[in-house]
Amino acid sequence: MRQVRIAMAQMNATVGDLEGNTAKIIEGVKRAKTENADIVTFPELAITGYPPLDLLLKPQFLSDNRAMLERILDHTQGITAVVGFVDQQDDIYNAAAILHDRQLLGIYHKVFLPNYGVFDENRYFQSAGETQRIYRVGDITFGVNVCEDIWYPEGPMVLQALSGADLILNISASPYYAGKPTYREHMTSVRAADSVVVVAYNNLIGGQDRLIFDGGSLLVNQAGQIIARGKLFEEDFIVADIDLDDVSVAKLSDPRHRKAVLALKMSGEPLCEKVCADASARKEPTRLTRTAASSASSAARPLPDEMLPMREMYDALTLGLRDYVRKNGFKKVVLGLSGGIDSAMVATISMDALGADNVVGVLMPGPFSSQGSIDDAKQLVENLGIQHHLISITPIYEAFVGQLAEAFAGRKPDVAEENLQARCRGNILMALSNKFGYLTLTTGNKSEVSVGYATLYGDMAGGLGIISDVPKTTVYALAEYRNYIAGRDLIPRATIDKAPSAELRADQKDSDSLPEYHVLDGILKAYIEHDKSVDDIVALGYDPHVVRDVIRKVDHSEYKRQQAAPALKVSVKAFGPDRRLPITNKYQG
């Protein structure tokens, strides 16, 4: 029996923390040894963290990253380790080092460099041009590739498999968006079955600025069946046994594979170069009691199917906030509490991510705040157990209006006075941030951010947008999910049920300026995420005048979004690196 024990260290790396990341890798190697694993893998660019961006242009950074690899090498006696790092040779490569018995067995250079959405790897890396290799350690034959390489049906794993690899080790840093874990599982299963190999897919976990890496590492057999799964949104250490004889039988039984191997040999195209090494002597492995990790769940009771996507997104936002705060040296966050759904949602996520003692909510009633909203905000504070202040903006606002009276003479109150209220609140939050070192969170949702229903230097003031990539209708669904798992109205029912309002003028409702949110969100999804034209969106059944007005607002608000706080990405196309448009832009359509 050709049995291999595979370990995958699904780790949370921090960009630039070479020492800390290396310590985690060494600890993972040691743990794999205690599990009697033959092979242990770590995510893409595990030493540097992903993405390191222009750190890659610093020669010292590249040198220090290589020094960390040498340090790891010293700990690989008796095991094979695959570690993501930056390789600098004639150029810079996104690379995987294959370490075995304190020797560098080989280096794999990433072939397919993503250059879309949030990815910009062509700016930094050169694509691999050398002959592909497979590795044989004892009786285990495997290939190695990096992240994007496995997403292409014609990618390097095809040649690796046809050259004799039974096992493909893919190390990844694949960021999250809603639905991606399921999509990724399907893709990996198809690749494994098509090439008749076992795939060990190790994905990064953790928050990095806007990006959230969800983990969900996979071990998939030659039939495309998932036999081990890493947790979502948590560090994990996955260990599983694979019988490679089963792979050999499957290849022999698959006429497609046999014909493909023969065709490759007859074509004269080069096979992968084979690098061989003796297997390390190891103890007879003990029987595993666990091979698969279930995805992390926030729910204390079974969820209705319609809430499963909300659990995934909620856990993503919680991880993104927690890591942004901790990795950037903050301890506490501060945010305004209006009594509305958006600030209630952000406060609840913050409490779950950081603990109630590390969340400061500020109630800032103004001249148009309703008593109901003040009461709702107070109830939320009580439910969450967070710290809070109540600071009226009315005297500050009245002082502004008084000082501006001469300059504003002859003009009726309008959006200028409304925005003054938002800026009073923004100044209070930033003052608290400066005084106590809190991170200020913005609470605007994607629907509002899209159409500019937000005030620069007011409610947009802050260091991180938690729900800025979450449409308003989804914010409500997240609130219902969180209350469901709490078994009570943690977010007050009145907050969820009342008509949304900025409360910056008398009797104001969001619907005075915007379509109903279910209509607005449908138009925005078509325009922003799917790049549909006005005519395309109208053809979906929306009113032409409403469509044109919404798109006009989206386009006109580009200058605001480019000054906004970075926002956690949870959609397939978020504002920021995903969607790059000029501020000065006359095109309409």
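The chain as shown is numbered from 1 upward.
For all residues, glycine too, the Cβ spot is worked out from N, Cα and C.
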Residue from Thr443, Thr455, Thr473 that TrEMBL also lists as binding ATP with Gly336, Leu337, Ser338, Gly339, Gly340, Ile341, Asp342, Ser343: Thr443
Local Cβ density at Ser338 (ATP binding site) - other Cβ atoms counted within 10 Å: 26
Cβ neighbour count (within 10 Å, all chains shown) around Asn419 (deamido-NAD(+) binding site): 18
DSSP three-state assignment (helix, strand or coil) for Gly340 (ATP binding site): coil
Non-site residues, in chain order, whose CB comes within 8 A of the mean position of the CB atoms of Gly336, Leu337, Ser338, Gly339, Gly340, Ile341, Asp342, Ser343, Thr443 at ATP: Ala344, Val346, Ala347, Ala377
C-alpha spacing of Lys560 (deamido-NAD(+) binding site) relative to Ser174 (L-glutamine binding site), in angstrom: 29
Integer Cα-Cα distance in angstrom, Glu448 (deamido-NAD(+) binding site) to Gly336 (ATP binding site): 16
Packing count at Tyr116 (L-glutamine binding site) (other Cβ atoms within 10 Å of its Cβ): 9
Between Gly336 (ATP binding site) and Asn419 (deamido-NAD(+) binding site), the C-alpha gap once rounded to whole angstrom: 15
